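Per Swiss-Prot, the features are as follows:
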- 14-34: transmembrane segment (TRANSMEM)
- 70-261: domain 'ABC transmembrane type-1' (DOMAIN)
- 74-94: transmembrane segment (TRANSMEM)
- 105-125: transmembrane segment (TRANSMEM)
- 137-157: transmembrane segment (TRANSMEM)
- 186-206: transmembrane segment (TRANSMEM)
- 241-261: transmembrane segment (TRANSMEM)
Amino acid sequence: MKRSLFGRVWPNVTAVVLFIGLVFPVYWMFATAFKPTGDIISENPVWFPTDITFEHFKTATEADHFWTYVSNSLIVTVCAVVFSLVIALAGSFALARMRFKGRRGFIVGFMLAQMAPWEVMVIAIYMIVRDASMLNSLVPLTLFYMMMILPFTILTLRGFVAAVPKELEESAMVDGCTRAQAFRRVILPLLAPGLMSTSMFGFITAWNELPLVLVVNKEAESQTLPLWLTSFQTVFGDNWGATMAASSLFAIPILILFVYLQRKAVSGLTAGAVKG
């Protein structure tokens, strides 16, 4: 039975409206960053910038400690993602391949940790960091970001490991590989989509995190970009062009990562949910 014209059109119209609603704020942020100040404060909105200027980006990048915030964000984010992947590879393999007492309890524990609201634990984390004399340090940020990422990473990679036929691993071991060599040469290459999807999730989570760094790092030398952006009125006042330029610079790494990995990341998330 053929669907009516409305039945064929409305899903597309809805998708277009949602797309515009989601993309327009991002477009407006980048467009404002390139507009001259006169166009930004004009009573008549300038939808498409014609006079392109990079002055706002210069103002943002020349702000105090800007590059310190950038380097701090990159350090804690990359380290947290890499450490979580290394640990998750071992943990996901153990949960998917090995049978041991308490295995289901571990899986339930990781699920509960994934659902836990980390914001309510900020005060407890602050007390731990304070008692360890590690305030205003990047080390606790890296460790706790890794803990935030780890449950999702383990559960997702577990699905990928479980989907790899055991016969492939056994064939490699028959050919003379140890179990570690079989994992590295056979299983690890097949986990590439899962590694990409979990890497993207971990990068976005750590890159955008604010409550923890707001509490444990009070000195500018140990703060990250999200905290710097929250103080834009103090830094830039009413200079909305510089504010949008700073926000654009903050968003660019995530956009690049998403565009580069989005196909494999989406296929990785769906494939990792099939079996496990």
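Backbone N, Cα and C define each Cβ position, glycine as well.
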Hey, which of 14-34, 74-94, 105-125, 186-206 has the most Cβ-Cβ pairs under 8 Å against the transmembrane segment (241-261)?
14-34
Return the stretch with the most CB pairs under 8 A relative to the transmembrane segment (137-157), choosing among 14-34, 74-94, 105-125.
74-94
Can you tell me which parts of the same chain pack against the transmembrane segment (105-125), counting only residues 6+ beyond its ends and a CB-CB cutoff under 8 A?
95, 140, 144, 148, 150-152, 154-155, 158, 211-212, 215-216
Long-range environment of the transmembrane segment (74-94) - Cβ separation under 8 angstroms, sequence gap at least 6:
100, 138, 141-143, 145-146, 148-150, 153-158, 160-161, 183, 187-188, 191, 195, 198-199, 202-203, 206-207, 224
